[in-house]
Amino acid sequence: MTGTNERDCLCFYVNGKRVTENNADPETMLLSYLRERLRLTGTKYGCGGGGCGACTVMVSRYQPSTKTILHYSANACLLPVCQLQGAAVTTVEGIGNAKTRVHPVQERIAKAHGSQCGFCTPGMVMSMYTLLRNKPQPTMEDITEALGGNLCRCTGYRPIIDGFKTFCQESNCCQANGNGAAGCCLNGESCPEKADKEPPPQLFDKGDLLPLDPTQELIFPPELILMAESEPQVSQVFRGDRMVWLSPVSLEELIQLKTSHPKAPLVMGNTTIGPDIKFKGALHPIIISPTRVQELFEVTKTTQGVSIGAGCSVTVVKALLQGLVQELPEEKTEIYRALLHQLGNLAGQQIRNVASIGGNIVSAYPNSDLNPVFAAGNCSLTVVSKGGKEEVPLNKNFFLGFGKTSLKPDEIVLSVFIPMSRKWEIMRAFRQAPRKENALATVNSGMRVMFTEGSSLVKELSIYYGGVGPCTVSATRTCAAVIGRPWNEHTLGEAYTKLLDEIHLDPSHPGGKVEFRRSLTLSFLFKFNLEVLHKLWELNVMKEDLSEEVRSGIRPLPKQLQPSTQDFQAVVEGQNFEDPVGRPVMHRSAISQATGEAVYCDDIPKMDGELHLVLITSTRPHAKILAIDVTEALQVPGVVDVITSKDIPGKKFRTFTGIDEELLAENEVSCVGQLVGAVIANSRRQAKAGASVVKISYEDLPEPVFTVQKAIEKKSFFLPQRMIERGNVTKAFDTVDQVYEGEIRLGGQEHFYMETQSMVVVPSGEDRELNVYLSCQHPTYAQESIAETLGIPSNRVYCHVKRVGGAFGGKVTKTSIIACITSLAAWKTGRAVRCVLERGEDMLITGARHPVLGRYKVGFMNDGKIMAADLDYYANAGNTADESVLVIEKILLHLDNAYNVPNLRGQSVACKTNLPSNTAFRGFGVPQSMMVTENMINDVAMKLGRNAEEIREINMYKEVSLTHYKFEFDPKNLLRCWDECKVKSDYENRRKAVVQFNQQNRWRKRGMAIIPIKYGIAFSEGFLNQAASLVHIYKDGSVLVSHGGTEMGQGIHTKMQQVASRELHVPPSFIHITETNTSAVPNTCPSAASFGTDANGMAVKDACEKLYKRLEPVMKQNPTGTWQSWVKSAFFQKISLSSTGFYRGHDLYMDWEKQEGQPYAYYTFGACCSEVELDCLTGNYRTVRTDIVMDIGRSINPSVDIGQIEGAFLQGLGLYTMEELQFSPSGVLLTRGPSQYKIPAICDTPLKFNVYLLAGSDNPHAIYSSKGIGEPVLFLGSSVFFAIKDAVLAARVENGMVGPFTLDSPATPEKTCLACNTIFTQKIPASTPGTLKPWALNIP
């Protein structure tokens, strides 16, 4: 190796430019290098662990052996710079930009409306770009696979897919024209273009897209080809402050290094060691990276099987096995096909491209998808060390414990041997995970059986499981009980019993879900049994094949995306072609977001002398603070200061709904994650190091409260509590035919905005002025908070919000608190301070949607009419009030949803607990409120043995009515949405088909549900409905608009541009929307409550009307003039070309004493029908189809509104079926990133996703007769929950169980599978409550 004191030079290329790095730090990842050193900020930080895809780049390497160039996508956050020798990196900036030429990939995602907040867009672009570099004409399957490792929280994925599918070979089909399946030629119908009638309006025009020309791509740098072919490979050493990186080039050298440094890990893809260093604090003084040792990448095919180099990536292994499956006879590929089954779902594409097969094995994770298959398939390893080579079988003796194998410290895995299967050998693999793809398995398994030739006599049996122990587990005793016996029902019946005894888990087992895991071990064995029986029939051993009904247990769930429809109305005939209102206008920043040029908060260039701030958080749920010792922190190199509550010169707290919340805890902490202080340092790494050594002495206080039940027991509530009633509920219960009582628990939901909390505070240096750049929904509140904290007037604090990378309600209160602390740091040091939370910090600190326990008592007649309902809501507010009182108020205001219940009572309370404070989230309590009501309706239906849709229809508002708070409204459009949804979804015929499907399938069930919504728009606190704007017209005719709304992906700036264009009668290209700035428009209200366009649109309209009126005399003087000439003339006539606009807003209120009011300006109505297919044995499901009909008045921008509808729906689907926040018994949040917390991915979108905007709707209460749409549709995601519940009901009925049953939200595979109550779940003994401490609390 290079001399011990040398630092080797690193040479690679980025976007065609040579980069030479003489001081490469082993701890520096490509992401930070790109953003901080090269100022290429298009590549985003989303999670730091390879789980979201926001940091995707393309890496290209020259292969001298084949003289080819390999392109692959990778997560820059996990890619060490030290590994880039000889590589060419391409980032989103390198493929196109708005100044020169936009790349077709960037253009298509933008024009197809696939970019909303835009933070995930560069990653999406680079995943797709890499695919096209390898395959210019991909299939839809290629596209969904390439995007499987990329998350988006805004769009619902449909527009992204629609934009990218235009690259498909089949893209000349009219499905790709952006109008979905309407009149599709593949359906045997004529294309719309050829029909006599005018084609329906399209969201985007496929004919207006740049062609893909592979010859125009960046070439691979010739210097790197020359280096690879002519220069000898040399070993490299890179030294950092804490770590040495050794990069050998020969196997001999690698063996020598491993002998000298046996504890040094080998790093190939850095997908295990990297996260351990980053998230678990692991420190490895020496790392060996053998990525250039060719022997680790050799593949040898023999007549016995294939030997694959341990360094080969999972992607390479997958391609290799696919080739072998095509080449070899089927009987020889059983093991290969089992491995391919697992490889298809293993992580995302970016991880598969770099993670090595050897690393996957020796990591020995308990839920490794591959190790159970390798072990069951009699695979083996070739291991080398100084002592020579050795063959090591991959069996139960190899896996010793969590992350432990039988390998000696100095041994290196050289290759993996995977044998061909033999005749009469059957191999299968199984897995179940919290998300269908890109998720670690809950349980997985590899199973292999060998039969005596021509019989069903078992000669060999091997069963391995992952996820049911500290490592891969062998069911040895179960196998022994089966070997030598015929494969039949009796033998397998005994095997299930043996397996149940052999695989045992304690209730406190890490990861929880103990009953579910144990049932999966049985279900997988049963599935294997079905596979084996079918195979034996094919081999003529069994006389009869499985019936279709039973074979449903092994049929895969549908996964093929279908053409979808987005139906909206064309603009009125005669509308000026330059008037953009009502047209599907592309998001005004979509192109810059797709090229990486859009500037987010952390993209702002670093200031001279800038400091970084890291927060110090409590580690106790409820304790007194005895002392805070910062001595050691101040001695950390680079640390400048430590901030605590004592440093605050002004107010030390913020007041929400009349209740104070400390900015920094001073005497007592009340949750894990509460802010206690902050460390300021020259770099984030130094600040983090400083924060880790701050010592806080605590005295624990007794009995912390975590759950709603405990809060009820202790009467731990925030006041006021709320109650509302109409009619006489108590009396009505005496007059009904039936009374039923039930409850449902709803878990919380993490906002998971792609851009974490971010801000930069810059002191001006004079007059106590601060410029605050932040990602925030309510800049005025941040301004007020900072001013009060520092004890200065608001006119010295200037808050700037250019754009927000997603918010969903989570960037109001906590953002302001963090902004106060960051501003305090800038104030104290006189230097710019940057605070950007890591994903884990963000999830720990900022709170989530309120978990709710809903209880109800309902009285109804035998004909389904509900006469009385009494509902109680208990919201887990967390340790501070935040906006919880407002949330519980909105819960009560929406408890009727679409139903006219004559006697209705609701009570709600915010429970004070010792969990991080929960806060506003899209829907603001409505998704919880209506969920309880709809579950009550569902229970009534089950009690009466009728479809829930019938009960819903019977009880809907039918005519002009009063709500329970005495507000009159007309439900006409609600009923229209319901009826149209039934027609558009073909509900009646599909309901019959579902019944038939369920009769014909034993282990698969389908379910359907239609859910209506009546959602109140605007703030019930009337003063929040006001808005202001400022519009300037410059002498050249260009227009600058400033308004109080913040752009966070909802398209408010785009709509304001449309409004200004219409009112000023100029093209949108003349109009620029500037950042939201408290200096330009003061006293703004939050961008929330689906009211941003309503309020700010009217304010912009007001300003533009004033300006146009001033210009009218000038126009009359010169009727043939141009806009520019009129403006110039007005200037010379001394006519003001600047105007403020103001909108007073609706005078809304709610009087809780009188229990009446007008809290909303109007209602947005809608209905949604969803159908799912459920695997009863595992709880996995697919949303087969979703049809949404929404009344949004006259849409200002159909593309933006449909995008909001689809994105909200998928977020709701996540809330009700996937997303689980889990807390330890001591109140610690366990789910702190995308590896533990699963939001919907591209695999979760409905296979057919249709959206229809209700035609002929008017709304006199909002601008241009539009309606607010940001929040309402989220609740319609519950249609998937109730469709799952419908499918579960069918399974239960088949098992002889009728009537209401409990299925809490989210309806995860675990809850769904256990609710199906199959013969296998019935075998699992329930753990006795209170006997053992569970792994996680049952929240709420």
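Placement of Cβ uses the backbone N, Cα and C atoms for every residue, glycine included.
TrEMBL: automatically predicted annotations, no manual curation.
From a predicted model like this one, the values you see are computed outputs, not experimental measurements.
If you check TrEMBL, you get these features:
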- 8-95: domain '2Fe-2S ferredoxin-type' (DOMAIN)
- Cys47, Cys52, Cys55, Cys77: [2Fe-2S] cluster 1 binding site (BINDING)
- Cys117, Cys120, Cys152, Cys154: [2Fe-2S] cluster 2 binding site (BINDING)
- 238-423: domain 'FAD-binding PCMH-type' (DOMAIN)
- 266-273, 356-360, Asp369, Arg431: FAD binding site (BINDING)
- Gln777, Phe808, Arg922, Ala1089: Mo-molybdopterin binding site (BINDING)
- Phe924: substrate binding site (BINDING)
- Glu1271: active site, proton acceptor (ACT_SITE)
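Mapped onto this structure are the features recorded in TrEMBL.
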{"residue": "Cys52", "record": "[2Fe-2S] cluster 1 binding site", "contacts (Cβ under 8 Å, 6+ apart)": "Gly46, Cys120, Gly123, Asn150, Leu151, Met754, Pro1234"}
{"residue": "Cys55", "record": "[2Fe-2S] cluster 1 binding site", "contacts (Cβ under 8 Å, 6+ apart)": "Leu31, Thr43, Lys44, Tyr45, Gly46, Asn75, Ala76, Cys77, Gly123"}
{"residue": "Cys117", "record": "[2Fe-2S] cluster 2 binding site", "contacts (Cβ under 8 Å, 6+ apart)": "Arg153, Cys154, Tyr753, Met754, Glu755, Arg803, Val804, Gly805, Gly806, Met1048, Gly1049"}
{"residue": "Cys152", "record": "[2Fe-2S] cluster 2 binding site", "contacts (Cβ under 8 Å, 6+ apart)": "Cys120, Met124, Ile160, Met754"}
{"residue": "Leu266", "record": "FAD binding site", "contacts (Cβ under 8 Å, 6+ apart)": "Lys258, Ile288, Ser289, Pro290, Gly359, Ile412"}
{"residue": "Ser356", "record": "FAD binding site", "contacts (Cβ under 8 Å, 6+ apart)": "Met268, Gly269, Leu296, Ala310, Gly311, Cys312, Ser313, Val314"}
{"residue": "Gly358", "record": "FAD binding site", "contacts (Cβ under 8 Å, 6+ apart)": "Met268, Leu296, Gly309, Ala310, Gly311, Leu381, Val413, Ser415, Val416"}
{"residue": "Arg431", "record": "FAD binding site", "contacts (Cβ under 8 Å, 6+ apart)": "His341, Gln342, Asn345, Asp369, Ala441, Val443, Asn444, Ser445"}
{"residue": "Ala1089", "record": "Mo-molybdopterin binding site", "contacts (Cβ under 8 Å, 6+ apart)": "Phe924, Ile1017, Ala1018, Phe1019, Leu1024, Gly1268, Glu1271"}
I'm trying to understand the geometry here, so how far is the Cα atom of Thr272 (FAD binding site) from the Cα atom of Phe808 (Mo-molybdopterin binding site), in Å to the nearest whole number? 32
Provide, as an integer number of angstrom, the distance between the C-alpha atoms of Gln777 (Mo-molybdopterin binding site) and Cys47 ([2Fe-2S] cluster 1 binding site). 21
Among the binding-site residues Cys47, Cys154, Asn360, Gln777, which residue has the largest number of other Cβ atoms within 10 Å of its own Cβ? Cys154
Spatial separation of Cys47 ([2Fe-2S] cluster 1 binding site) from Asn360 (FAD binding site) - C-alpha basis, Å: 22
Give me the Cα-Cα distance between Phe808 (Mo-molybdopterin binding site) and Cys47 ([2Fe-2S] cluster 1 binding site), rounded to a whole Å. 18
Determine which residues of this chain, when Gln777, Phe808, Arg922, Ala1089 are set aside, have a Cβ within 8 Å of the centroid of the Mo-molybdopterin site's Cβ atoms, and list them as they appear in the sequence. Ala807, Gly809, Gly810, Val812, Ala920, Phe921, Phe924, Ser1087, Ala1088, Gly1270, Glu1271
Given the [2Fe-2S] cluster 2 site Cys117, Cys120, Cys152, Cys154, its other Cβ neighbours within 8 Å of the Cβ centroid, in chain order, are Ser115, Gln116, Gly118, Phe119, Thr121, Arg153, Thr155, Met754, Gly805, Gly806, Gly1049, Gly1207
Could you tell me the C-alpha distance between Cys47 ([2Fe-2S] cluster 1 binding site) and Arg922 (Mo-molybdopterin binding site) in angstrom, no decimals? 22
Least Cβ-crowded entry, counting other Cβ within 10 Å, from the binding-site residues listed as Asn270, Thr272: Thr272
Using an 8 Å cut-off from the Cβ centroid of Cys47, Cys52, Cys55, Cys77, can you name the remaining same-chain residues around the [2Fe-2S] cluster 1 site, in sequence order? Leu31, Lys44, Tyr45, Gly46, Gly48, Gly49, Gly50, Gly51, Gly53, Ala54, Asn75, Ala76, Gly123, Arg839, Pro1234
So what sits near Arg922 (Mo-molybdopterin binding site) in its own chain, CB-to-CB under 8 Å and at least six residues off in sequence? Phe808, Gly809, Ala1208, Gln1211, Gly1270, Glu1271, Leu1274
